[in-house]
Amino acid sequence: MLTIADTTFSSHLIMGTGGATSHEALERALVASGTELTTVAMRRHAGTRGGESIFDLLRRLDIAPLPNTAGCRTAREAVLTARMAREALGTTWVKVEVIADEHTLLPDVVETLDATELLAAEGFTVLAYTSDDPVAAQRLEDAGAAAVMPLGAPIGTGLGILNPHNLELICSRASVPVLVDAGIGTASDAALAMELGCSGVLLASAVNRCQNPEAMATAMRHAVEAGRLARSAGRIPEREHAQASSTFEGLASWADQVL
């Protein structure tokens, strides 16, 4: 189970709606993923198909929407977007994403920290997108973030987990859920994130922009679960030298043979 604030989810996979080619493809992917929480960028408001908005789609699939402040460049913009989402959707949950520039799409940690502090004080449940800096993650937790979301790699790159050491360090120090966000390219990346100690994985492009979103969503669902189980099972320690899995005692020798 994944518990964020006072809400528990059975799935550790959070999906995003960005990059989906159609409502039909998105719906198939969401169902295949088993997700119960999905981000929606409020600035796009997702559009409609035959009168059905993405919010209608999520409601029909019984998936909770997670408003996202994607595209915001300042704490002020993020706070305003979160308040608009609260009014429009009746939710106090928000993924705070404040980017530094449109080329790297890397998070502006200073503005993110300010937005998190302001929104948490207003009673929002803040899931904060941040860098893979352990100090930044700790500052966001101290500011009231209900979950910290360090990137695996820049948004949309599909480069996977570029700094596994830092990600594992963030997980070991955090007392709130750590959800890796951005950079996931394929199922093995999602499994690794969970093996490093993450509580969950958020992804969008890896599924919505691949050749077969439904199949990849299925793969991601299994990968997240496999990584979580592997982490809880306790992997063997890494060794510099080989260690036989069977002893050499009782091996047959020429002395045992009848010539």
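Glycine residues also receive a Cβ, built from the backbone N, Cα and C atoms like all the rest.
Between the candidates Gly156, Gly227, Gly234, Swiss-Prot assigns the 1-deoxy-D-xylulose 5-phosphate site shared with Ala182, Gly183, Ala204, Ser205 to Gly156. Binding residues for 1-deoxy-D-xylulose 5-phosphate (Gly156, Ala182, Gly183, Ala204, Ser205) extend across at most 9 Å, taking the greatest CA-CA distance. The distance from the Cα of Ala182 (1-deoxy-D-xylulose 5-phosphate binding site) to the Cα of Lys95 (active site, schiff-base intermediate with DXP) comes to 13 Å. Cβ environment of Gly183 (1-deoxy-D-xylulose 5-phosphate binding site): Leu151, Gly152, Ala153, Pro154, Ile155, Thr157, Gly158, Leu159, Gly160, Ile161, Leu162, Asp189 lie under 8 Å away, each six or more residues apart in the same chain.
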